[in-house]
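Taken verbatim from TrEMBL:
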| type | residues | note |
| --- | --- | --- |
| TRANSMEM | 12-35 | transmembrane segment |
| DOMAIN | 27-285 | domain 'G-protein coupled receptors family 1 profile' |
| TRANSMEM | 47-66 | transmembrane segment |
| TRANSMEM | 81-103 | transmembrane segment |
| TRANSMEM | 124-144 | transmembrane segment |
| TRANSMEM | 164-190 | transmembrane segment |
| TRANSMEM | 226-246 | transmembrane segment |
| TRANSMEM | 266-288 | transmembrane segment |
| TRANSMEM | 316-334 | transmembrane segment |
Amino acid sequence: MDPLDKLSREKLIFYLTVPLSSIIIFSNLFIIIGIACNRQLHNTPNYFFLSLLVADLCTGITLPFIPHMTLDRQLDFKHCLVMYIFPNFLFLSFLFNLVMVHYERYLCIVSPLHHSQFWVHRCFPLALLTVWLPPLLYASLPAFGWNNWDEVCSYKQVFPKAFIYLEVCGLVLPAMLSIVAMTGRVLWIARKQLQNICKLHRAVDRLQQQQQQQPSDHEQQLNLRYAKCVAAVSLTFLVCWVPYIIYQLMSVTALQTGVSLPSSSLYIIMSCTGIGSMAVIPLILGLANKQYTEPISRLMLKLRNRWRGGQNNRDTLYYSCIFSSIFFMLQHGGDFLK
């Protein structure tokens, strides 16, 4: 690769990943601190979400290094394995945590009265282990001999084609499909509950006022809220998942056809936006819940009020000094004139 071309691509990676990585890191820290400071949030569902935030935080930290995996490096075998295995492990653990959070919330909605009896709540340490240990074991397979090492540190030498196919088709795609299926099931249940509420509301109206079956303002508000929920879910999927799906399709296409997409600027852009956009999903889930952000918001409000109070005190002292000087000059002006 031309050194100038390589330098321009490294600059492109820097300008794409550093701002996105900073947003992901600080936003996750913001929500983590909010959960840690609120004792009411110290329960099993939020522990799963906290595990997801930690995985997302690690993904944000390693995000600037992921596009560099497409560039050949002059590294020895051990350092090359660490460079490729560790980011892959963090990404897979993030994906497994995301599935677990959706699964736990899916159980809460499908069986609200019995969800605490499922294994994810009764065996919380085991459930937490399943989202961290299998990704570590699978990502470490190249270190146990499943690689194509030939003195050049590149992703093609560390990850064989069969390894990438198995990861994409056996882990990533099933995880994405399960999240989509659980989200669709939750929306369908919410729609059925909304219809039942509307039928009950109309029955009450007919009994009290003998009105015709026309949608009331309350029903229209519920339907509007459901429509907003569906729109938000659809928009989240389009913004967060579609770039990553395109990135995966480009990766598989490059493996099948042998095209050197991993060295192209387009592939670098798609890898940054694909993985970065998917890492935003926990932030959307966390920032949408006021319980997670309330402690930090109150702390920021106190700091702002204290700063404004200090600023007002300084302004008051400044103006009082001016008025005192003017009053002194007016009172003793005759002495000065003499």
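Even glycines carry a Cβ here, placed using N, Cα and C.
Any TrEMBL annotation is an automated prediction that lacks curation.
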Seg_contact(the transmembrane segment (47-66), the transmembrane segment (164-190)) with at least 3 CB pairs under 8 angstroms, min sep 6: no
Positions on the same chain near the transmembrane segment (124-144), where near means CB under 8 A and six or more residues out: 44, 47-48, 51, 55, 81, 84-86, 88-89, 92-93, 95-97, 99-100, 158-159, 163, 167, 171
